[in-house]
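Taken verbatim from TrEMBL:
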DOMAIN    31-84  domain 'BHLH'
DOMAIN    102-168  domain 'PAS'
DOMAIN    247-278  domain 'PAS'
REGION    19-42  region 'Disordered'
Amino acid sequence: MTIFCSHCHRPLQAEMSCLPRRGKQAPSASKPFRSTKSASKARRDQINAELQALRSLLPISAREKERLSYLHTMALVCLRLRGAQLFPPDSAPPVGPALGAELLSLLPGFLLVLLANGKLVYISENVAQVLGLSMVELLAQGDTVFDILDGRAHEDARKKLLLAQEEPGREVTFVSEMRTSKAFRLQHGGNQAVAVHGRFTALCWPASPSTAAFLALCTPVVWLPADNNAGSQDNLFQSTHVLDMTFIDVTESVTYHLGYCREELIGQSWYSLLHPEDADLAAAQHRAVGESLGAGAAAGTAVLRVLRRDRTWAWLCVSARRDGGGHAITCTSHCLREEEAAYLRARQHRPAPRTTAPP
């Protein structure tokens, strides 16, 4: 019995080529067969050439360009495109990325601009002073703020960004450790804790949801006494006490931070200003100062609440040491936001990381 082909009506054994073969497409005049290997190589070469062209257009140093991978190049290009949407050349936004080095050097931290979904739009160049990484190196971690934050802070950061987005103009703060250079971690024993304080604002006019971004100032959370000589001194004041913690001197800047005149505090006890719940913590630090050997010996750091003149509470990070030949106590107090104080108190109770002996 002869089986005929339904396509050409010839015997099946005589003509098998008329059947379409699975997985292959018949050639045509418009699509001739090409080598898959050579075609893939041609496409790769074309993509590489375009990426090299994009990399050459980035406004960064030649040394940084040489270190960029193709994926990193695309991340930087996306960052610039997002910035161009919010900072078009023909607009005059309230705050733009073209900030001089002189102005940036006056800031206590670096500037950060985010979209509502956390995508990075702008990082000021002075970020290297805080994290030890340049803007280009930091972006190698990822193109969202969550890529550069400690994983434990992701949920809190998302909640605060959502809150700020729902109430435009409302300022929010969250604290997290940010990724740093290896040299920074070796010197300081870990990543840098940073307080991100900002709000959503319209950066282009007319204002619209698509032109709004989260503009924030990121300041390092100072942990005295190790950081006593670093960063801005604007949030500091110093006081001198006799051994029972009675004020005998205080810097004039205390008026700005606590509202008291210098003369009002001299002769008062430090304990009269403390929050009742923090008295035991302050007393423990006081005993440690009394037991310290010699003048100038630091006695640890405490995060305390102190009463302002307007009857509100101020959070302070206080470092104390014996001074004046051991007959006086000098306190260096760094003013904190509530979120910074919560972070530092949690850090005080965090178990120390395990260390292993070198081989």
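Cβ atoms here come from the backbone N, Cα and C positions, even for glycine.
Unlike curated records, TrEMBL annotations are generated automatically.
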>> Same chain only, please: residues at least 6 beyond the ends of the domain 'PAS' (247-278) with a C-beta under 8 Å from a C-beta of the stretch. Say none if there are none.
In response: 235-241, 302, 304-310, 313-314, 328, 331, 333, 335
> Looking only at the domain 'PAS' (247-278), what are its DSSP counts of helix, strand and coil residues?
Replying inline: 16 helix, 6 strand, 10 coil
> By DSSP, how many residues in the domain 'PAS' (102-168) are helix, how many strand, and how many coil?
Replying inline: 35 helix, 12 strand, 20 coil
>> Based on DSSP, tally up the residues of the domain 'BHLH' (31-84) by helix, strand and coil.
In response: 42 helix, 0 strand, 12 coil
